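Enquirer: I have a structure I would like to understand better, so I am pasting it below and will then ask my questions one at a time.
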Amino acid sequence: MGKPYLLIAAGGTGGHMFPAQALAEAILNKGWRLRLSTDERGARYTGAFPQTAEIVEVASATFARGGLAAKALVGPRIAGGVSSMAFQMMRDKPDVVVGFGGYPSIPALGAATMLKIPRMIHEQNGVLGRVNQLFATRVANVACGVWPTDLPEGANGIHTGNPVRAAVLEREAAGYIPPGDYPMSILVMGGSQGARILSDIVPGAIAALPDDLRSLIRVAHQARDEDGERVAAFYAEHGIRAEVKPFFDDVPRRMSDAQLVISRSGASSVADISVIGRPSILIPFAAAAGDHQTANARGLVQAGGAIMIPENALDVPALAEQISAVLTNPEAAQKMAHAALSTGAPDATERLTALVQQLAQKETT
């Protein structure tokens, strides 16, 4: 008997890709074969995927972009994608198919539904994404990263937590150095797409801090390509030591070194913060579908591990006040770090892996 075979479908953003990577790492360690189906946007996040994973890129399509003509072509493209994927599955015979959201999940889950292949989805947020809404009642399990998650009647929701990458688990509960009269690090994360509002507000807020505090701060700021030059120039003009990049491939190390994290509240970011255990200031993306980033942040905030500032309340004085409150109160910052840890689910990958294995066993019994 050959190795069991898992097909993972994920794409679009790091919010889908990072948990998919965590499952990929774990399932390969269990002796499985693995294929990842993703799109052009998702492929940007595959650099750290295990080398033994087969990665296939599918043509992207979405209902959200383009004019009427482009939208009219989406249906036929999806149908063609499902048909093509069905032929591949009949040839390759995956034991289980797992969708993480994003367009590439549609052909894979659609074909698996047609062929009655065991299948499940993982929802990272407290509100189902559009693709996961479509398949929630057509899969064996909906693994939920945030609990409770709003699910349709008939869906089998199971709380797994959000898987984090092996590099994050290596930093699980890393010792926290509270703020003090020595160099301190702030990590600024705008989500996998970067966030212009953070590039507009965060540098000014740090510049507005008292001189004695500002002089101690080192910043690692993730910004969009088009914003990076002006953000770096602003920091330099104000004498703030900062590294500005569109993407950091060593976020777990930078987070474990940080005294404070300023971030969007995407599911993967919240999961990383809670597993490593760091005080954070969270700014949910106001336009997120179903306001899911606010739902994602709620657990950390209610536990006392994070401060949440809605976008409509975010300005330089408000953010500067909260940064100062954390970095001038080491005891409170330490409590925030412990509180963040209390909300973490470091075993989320194991829970998700177990569900995959159970699905495969049901098929063979």
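Keep in mind that glycine also has a Cβ here, set from the backbone N, Cα and C atoms.
It should be emphasised that the depicted structure is a prediction, and the values quoted were computed from it without experimental measurement.
If you look up TrEMBL, you'll see T13, G14, G15, N125, R165, S192, Q293 marked as UDP-N-acetyl-alpha-D-glucosamine binding site. What TrEMBL lists as domain 'Glycosyltransferase family 28 N-terminal' is 7-143. The domain 'Glycosyl transferase family 28 C-terminal' feature in TrEMBL is assigned to 186-352.
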Enquirer: Taking DSSP as the reference, which of helix, strand or coil describes N125 (UDP-N-acetyl-alpha-D-glucosamine binding site)?
Expert: coil
Enquirer: Cβ atoms within 10 Å, counted per site: which of G14, G15 has the most, among these binding-site residues?
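Expert: Of G14, G15, the one with the most crowded Cβ is G15.
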Enquirer: Translate the DSSP assignment of T13 (UDP-N-acetyl-alpha-D-glucosamine binding site) into the three-state scheme.
Expert: coil
Enquirer: Counting Cβ atoms within 10 Å across all protein chains shown, which of the binding-site residues T13, Q293 comes out on top?
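Expert: Max Cβ neighbours within 10 Å, all protein chains included: Q293.
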Enquirer: Have a look at the binding-site residues (N125, R165) and report the one with the fewest Cβ neighbours inside 10 Å.
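Expert: Looking at the binding-site residues N125, R165, the Cβ with the fewest others within 10 Å is that of R165.
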Enquirer: Could you give the mean pLDDT over the domain 'Glycosyl transferase family 28 C-terminal' (186-352), rounded to a whole number?
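Expert: On average, pLDDT over the domain 'Glycosyl transferase family 28 C-terminal' (186-352) sits at 95.
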Enquirer: Using DSSP and collapsing to three states, where does Q293 (UDP-N-acetyl-alpha-D-glucosamine binding site) fall: helix, strand or coil?
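Expert: Q293 (UDP-N-acetyl-alpha-D-glucosamine binding site) sits in a helix per DSSP.
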